[in-house]
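Asks: So TrEMBL lists the following for this protein:
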- Gly24, Leu25, Asp26, Asn27, Ala28, Gly29, Lys30, Thr31, Gly78, Asn134, Lys135, Gln136, Asp137: GTP binding site (BINDING)
- Thr31, Thr56: Mg(2+) binding site (BINDING)
Amino acid sequence: MYTLLSGLYKYMFQKDEYCVLILGLDNAGKTTFLEQTKTKFSKNYKGMNLSKVTTTVGLNIGTIDVGKARLMFWDLGGQEELQSLWDKYYAECHGVIYVIDSTDEERLSESKEAFEKMICSEVLEGVPLLILANKQDVPNCLSVPDIKTAFSDSAPKIGKRDCLVQPCTALTGDGVNEGIQWMVKCVVRNIHRPPRQKDIT
């Protein structure tokens, strides 16, 4: 009887856990995005003052529950010397969120280089990819079409995976809900069936 009740309890209340990496250059807004995500999806979570978010050295960790899914985020430092550590986390992840600073055109090629190195990893083959064009609230920032154009020759390297480019303003929370809901849908679906060829949307 206990086994039956225990199994029923797990079926009703246990969450399926998925690990999602948050990657991108330093100052792209990764930690701010994570804080906004935790604030929006976790009851009673009192987030840090977003104006006091500093550059991540190492990693930040956060967890949210969305329906029956539990997403565990690993926000990794984006400085050049820390990017070499990213691949140590690839084997454990079910999804990747790549954050681009839409206001920093000077470092766009650097961001693209880090992006291409990441997506070419065989370990990440088929893993859903959410690309966030962050800081869209800043006048004259790069638009989503601008970023798609800049990253266009990276498209063939993305391969067989779900991929979405999402406008976002992590500081205000715009685009956060949409991005997270998309990622949840993809990681859950990806677990249960082989990925199919997808173009960037």
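Here the Cβ of each residue, glycine as well, is placed from N, Cα and C on the backbone.
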Asks: Do any residues at least six apart in sequence from Asp137 (GTP binding site), in the same chain, have a Cβ closer than 8 Å to its Cβ, and if so which, in order?
Replies: Thr169, Leu171, Thr172, Asp174
Asks: By a simple count, how many Cβ atoms lie within 10 Å of the Cβ of Gly78 (GTP binding site), its own Cβ left out?
Replies: 24
Asks: Cα-Cα, whole number of Å: Thr31 (Mg(2+) binding site) versus Gly24 (GTP binding site)?
Replies: 10
Asks: Minimum Cβ neighbour count within 10 Å among the binding-site residues Gly24, Asp26, Ala28, Lys135: which residue?
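Replies: Checked Gly24, Asp26, Ala28, Lys135; of these binding-site residues, fewest Cβ neighbours within 10 Å: Asp26.
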